[in-house]
């Protein structure tokens, strides 16, 4: 049963009264949960309550457009069952070690850029801002937003019927037409990849009163940059992207990064073919059919990166309640930045991010209807020689597939700012061009002007897949079982009597019900059917004796 899951639809005329009553009861229960959470009665996943804070977004009378940022904290949220939050307050010792690592990793062009401007990527990053009108929720405290996300997940049919309180506000956004600003945000995104030392600089900020206070590195990491300009209200969160062993030396987060990549950017749990190991059990067994309810549950699970990013944002708003927050990141970090920006209506700048429109819709993230593109607060920077950003890193022979990454999305939300390096420089599609240092040194710094940010072209991901809800799948299974029983009974009552008194033994094939395929190969051929049919009819023809009287 194929349906558009992202559009409000009316129930079919054949809906029974009991099913209608169930929908009404479910709606009332979901609304009650949503209201209770929004009133502040939520206990964050069994942990000690962290105050839900809405950053003070009142602009100063004459805000300065020039800012200078320095890293002050590094947050980490692991994705194990016993989730711990780690925060390192940056010390002078750490800055000196990070500077050395940064100079070893960044290209010479970046060295010259920083030296010529008397700036260091860890102590002084220049940014320019501008005031822009943005339409977003009036009530954006984490408790309220997360209660909505939970309600939308429990009853997605109500998503289109919810009435949101939208408000237009003037906020500070990054000036994406300024070259220094775009480069500085990219350097922040690259800093999130730098390995952090296991020293006494770390401070445990676990929300739990008791329990382990360890450091686990296989999760989400975010660097927090604070504006050093007096009176400035800005903080930037830089989220780490994918660490992939096939692209670099890898790291502690490789396994979790890969799992979240395959969950966020594949059509159905990385079910590319029967040869692939899926990251969740949402594939129904029918060709190109996936359980949408299962997917939404997996995306919002506690051990997934989107949930971890929400918790990092909650921590930062608690630490800086009077600051406005921007977010940036590269690759996976860029996609998570855009999703976080969409969730809370904050400015987000991503670099070479995979298409994140599909998970944005699956999570029912709030998006104001009918806003002009001039009010868009999410920007995606990329170039035409990056197969991940362009959405073409798929197929059996692609680098992503060889490495076990199911990168099947290409659609972005927000504005696209694309450098045409294929035409201008003669580049070819290559995974090497996806690296953040290649982007900084050979693209952002090689152009005198930033790329124009324009609305993305019409786009649709996973057009050949059929996404069904759990209830729809159950109804389809019931209909198939009814068909089986009907055809079986009709084939049994097939004996007829005539006036002839002889007995004839004939080999006849009973009319089998339509077989249900439970497993297909990579090109769609069924290789295993429903075991009920085999048990009922066997593998050979049935010999039926018909008596003619």
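Yeah, the Cβs are placed from backbone N, Cα and C, and that goes for glycine too.
Straight from Swiss-Prot, the features:
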TOPO_DOM  1-19  topological domain 'Cytoplasmic'
TRANSMEM  20-42  transmembrane segment
TOPO_DOM  43-549  topological domain 'Lumenal'
CARBOHYD  204  N-linked glycosylation site
CARBOHYD  315  N-linked glycosylation site
ACT_SITE  331  active site, charge relay system
CARBOHYD  448  N-linked glycosylation site
REGION    474-510  region 'Disordered'
Alpha-carbon distance [residue 448 (N-linked glycosylation site); the residue listed as 'active site, charge relay system'] in Å: 24
Cβ atoms near residue 331 (active site, charge relay system) (within 10 Å, other residues, all chains): 30
Among 315, 448, the most crowded of the glycosylation sites [Cβ within 10 Å]: 315
Cα-Cα distance linking residue 448 (N-linked glycosylation site) and residue 315 (N-linked glycosylation site), given in Å to the nearest integer: 38
Rounded mean pLDDT for the residues that make up the topological domain 'Cytoplasmic' (1-19): 42
